[in-house]
Amino acid sequence: MNKILFYLFVYAVVKSAAYDPLKAPNYFEEFVHRFNKNYSSEVEKLRRFKIFQHNLNEIINKNQNDSAKYEINKFSDLSKDETIAKYTGLSLPTQTQNFCKVILLDQPPGKGPLEFDWRRLNKVTSVKNQGMCGACWAFATLGSLESQFAIKHNELINLSEQQMIDCDFVDAGCNGGLLHTAFEAIIKMGGVQLESDYPYEADNNNCRMNSNKFLVQVKDCYRYIIVYEEKLKDLLPLVGPIPMAIDAADIVNYKQGIIKYCFDSGLNHAVLLVGYGVENNIPYWTFKNTWGTDWGEDGFFRVQQNINACGMRNELASTAVIY
């Protein structure tokens, strides 16, 4: 079997998710080829293989015990700690503002529809890729503002995460930030430019914002203490997609389906709640991620409702209102 046929064969097996732990060396070689991996030495390659093998065993175990499916993907030669350190970015700033009002949602949830999704109303912008920059906080907050703009003006726009990275002096750019502090920083800055005017660079740079080009301005921001998780069903249609904090460790190798087991060992990633529904009698939440469309369900993922999946209720949800 020549090399091309070999890779096609292994790729077909990988896509089927019917993994055999004894074939880990074959899967690893296909992974290296598919994702153009280059290691500094054979010692480093061996180290990466051992991490890959550990991740493969976890994927196999999850595929046997969860309703979701998991796969070898672009993160599979990284340890969980490495992935969290490089591709998330939720962290506590050294200082905070106090602009956002805190609202206690302790009323029982209403009886809304069984499913709702802002994507079906064309109010969610395309999935982005933060790359190796810990700016998930900027993507999640601006994703919510993009949706609010679409709800208000019936137009999809892309706002500048790079402006947030460079010009939000409360949060720490690619070194991390929080959701409500990002909204507070936008209020202080006066607005946000389009991505086309201030393109993404995935790195910390000097602030170059131009207030004459601000397209979206934030009027108020809110933080919600959610006593009943189902209360999000009432909130989501009212305020638009909601930025939320999670522990991303258990979703790294996610492919598709509803995640039933996602534990919380500490919040580290910001994502955007865009919808909810029911599949095979399992109620779920749908989140937009920032790891590109080649991850998960075209960049989105689903978790089971009412289990505090990935610690989604452990931090206050944040929203803002635009002018």
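Yeah, the Cβs are placed from backbone N, Cα and C, and that goes for glycine too.
When Cβ atoms from all protein chains are considered, those within 10 Å of Cys136 (active site) total 30, not counting its own. Annotation comment: Swiss-Prot describes Cys136 (among others) as active site, evidence class similarity to another entry.
The annotation active site is assigned in Swiss-Prot to His269 (among others). Remark: His269 (active site) has Ile84, Thr88, Gly89, Leu90, Cys136, Ala245, Ile246, Asp247, Ala248 as non-local neighbours, by Cβ distance under 8 Å and separation of at least 6 in sequence.
Residues annotated as active site in Swiss-Prot: Asn289 (among others). For Asn289 (active site), the same-chain residues that are 6 or more apart in sequence and have a Cβ closer than 8 Å to its Cβ are Val127, Ile251, Val271, Trp295, Gly296, Gly299, Phe300, Phe301.
Taking a C-beta cut-off of under 8 angstroms and a sequence separation of 6 or more, Cys174 (disulfide bond) has the following same-chain neighbours: Gly89, Cys133, Gly134, Ala135, Ile165, Ala202, Asp203, Asn204. The disulfide bond feature in Swiss-Prot is assigned to Cys133-Cys174 (among others); the stated evidence is similarity to another entry.
Look at Swiss-Prot and you will find Cys167-Cys207 (among others) tagged as disulfide bond. The C-beta environment of Cys207 (disulfide bond), restricted to residues of the same chain at least 6 apart in sequence and closer than 8 Å, consists of Gln163, Asp166, Cys167.
The feature disulfide bond is assigned by Swiss-Prot to Cys262-Cys310 (among others), with similarity to another entry given as support. The Cβ of Cys310 (disulfide bond) lies under 8 Å from the Cβ of Ile246, Asp247, Ala248, Asp250, Ile251, Ile259, Cys262, Phe263, Asp264, Val303, each of these being in the same chain and 6 or more residues away along the sequence.
Cβ neighbour count for Asn158 (N-linked glycosylation site) (all protein chains, 10 Å cutoff from its Cβ): 16. In three-state terms derived from DSSP, Asn158 (N-linked glycosylation site) belongs to neither a helical nor a strand segment and is classed as coil. What Swiss-Prot records for Asn158 is N-linked glycosylation site, and it gives sequence analysis as the kind of evidence.
Residues or ranges marked as signal peptide in Swiss-Prot: 1-16.
Within 10 Å of the C-beta atom of Cys133 (disulfide bond) sit 25 other C-beta atoms, taking all shown protein chains into account.
In the three-state DSSP scheme, His269 (active site) is classed as strand.
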